[in-house]
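Chemist: Annotated compositional bias 'Basic residues' per Swiss-Prot: 242-255, in sequence order. If you look up Swiss-Prot, you'll see 256-266 marked as compositional bias 'Low complexity'. The phosphoserine annotation in Swiss-Prot covers Ser275, Ser276, and the record cites similarity to another entry as its basis. Residues or ranges marked as region 'Disordered' in Swiss-Prot: 43-122, 242-313. As annotated by Swiss-Prot, transmembrane segment applies to 5-25, 138-158, 169-189, 214-234, 386-406, 417-437, 448-468, with the evidence given as sequence analysis.
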Amino acid sequence: MARGLGAPHWVAVGLLTWAALGLLVAGHGGHGDLHEDLHEDFHGHSHRRSHEDFHHGHSYAHGHGHTHESIWHGHTHGHEHGHAHEDLHHGHSHGQSHESLYHRGHGHDHEHSHGGYGESGAPGIKQDLDTVTLWAYALGATVLISAAPFFVLFLIPVESNSPRHRSLLQILLSFASGGLLGDAFLHLIPHALEPHSHHPLEQPGHGHSHSGQGPILSVGLWVLSGIVAFLVVEKFVRHVKGGHGHSHGHGHTHGHTQGSHGHGTQKYPSKEKQSSEEEEKEANGSRKRKGGSTRLKDGPLRPQNSEEEKTGSDLRVSGYLNLAADLAHNFTDGLAIGASFRGGRGLGILTTMTVLLHEVPHEVGDFAILVQSGCSKKQAMRLQLLTAIGALAGTACALLTEGGAVGSEVAGGTGSGWVLPFTAGGFIYVATVSVLPELLREASPLQSLLEVLGLLGGVVMMVLIAHLE
């Protein structure tokens, strides 16, 4: 009994250690510093410097006749050229308007055109990367976030879905459900809503209007679409793989189906009695030598075997659904890494660390779901590696896509439009339909308490990671 309780306690200690690591990193990084660093990486200036530029007070004469609109396109001029626009709130020699602070197509003595990205305002630090180095960094970071959680799986003392590992597997499943729900509600959906609520080109005094409800409504519809799509896929897979599996849900239905070949419909009033009589007649007719012992064997065994077949089929479908959701989620992680490295090496490293902290508990939960669905430990680990294809594809898409805003999770507006909320809907479906029902089985009070703590641990882990982002 001591050995049986050791593994769940070991998992609890591991979860608490990981939570402490998240708190340590969160306290060290700080939300304000992260926001300032990201702002400097995205726009090339800090709030302090822009404030000084507004009150610099210099005034130069400009002779090229550029209009106010031309300033927004990032034209640069030397110090001997200048202009006096009364409607500008600064007199700096670059001649950039207030709106141009969101773009970085200017310089002191030479021109730059980076399409929204570029070098950091810090002197002596070159942030833009050549093409080969950019691809090497981005793909290397993607391989890292895919391989690091894979090695963590070796430490989990679960080999298969057997009674010997059942208690530990249930705790891991509860942790997986908490991680999936926390990921959907605290990470994916907020990131999908964030570009619509805090657009960088939005006017400071612009109020909310009814037109802004459209994107928010579309995010909600995509979440529901993900739930419905996963429901349709599960029904389709059950229909193709299960076929007659639904008629085996109860032992009495099974017996009636076999006995109905030689009898009419007069058996329906007394279903239980007649099905047992049919089994007895069939046993006496086809297996006369075994007599009643066969009926006693087949009676309790048939419902058990059919129920196990049904349960195994259900869990296999849930495993496939979880792999599909994990593949889409890894695609968004790849988009985040590729887009962040396009914004600069420092931003790319920061995003990689954040995604890595997020992926380790997530992969542990996915591993538990795969093992519960009938996979061995090696099979589950191989399937987890296959989902890395989604991350590599997302990174390649982010690097090949020109333009677009750099977000913490998507490149441009493509991913935030439907990938994130659709994936969130898939996570919600897998957690509530496939994983949580497994936690409703009868268990001891201690086991039930550990399962609830595991679920809360998964949610708390996502809260800590959300603060880091």
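Placed from the backbone N, Cα and C atoms, the Cβ positions cover glycine too.
Can you walk me through where each of these features ends up in the structure?
Modeler: Through the fold, the transmembrane segment (138-158) approaches residues 7, 10, 165, 168-169, 172, 330, 333-334, 337-338, 341, 348-349, 352, 355-356, 359-360, 362-364, 367-368, 371, 377, 380-381, 384-385, 387-388, 391-392, 394-395, 398-399 of its own chain, all at least 6 residues removed from its boundaries and within a Cβ separation under 8 Å.
Using a Cβ-Cβ cut-off under 8 Å and counting only residues 6 or more beyond its ends in the same chain, the transmembrane segment (169-189) has close neighbours at 8, 11-12, 15, 156, 158, 161, 219, 223, 329, 332, 358, 361-362, 364-369, 371-372, 409, 420-421, 423-425, 427-428, 430-432, 435-436, 438-439, 441, 443, 447, 450-463, 465-466, 469.
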Chemist: Report, as numbers and ranges, which residues of the same chain sit near the transmembrane segment (417-437): CB under 8 Å and 6 or more residues beyond its ends.
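Modeler: Sequence-remote neighbours of the transmembrane segment (417-437) are 173, 176-177, 180-181, 183-185, 188-189, 191-192, 218-220, 222-231, 234, 314-315, 318, 321-322, 324-325, 328-329, 331-332, 335, 369, 409-410.
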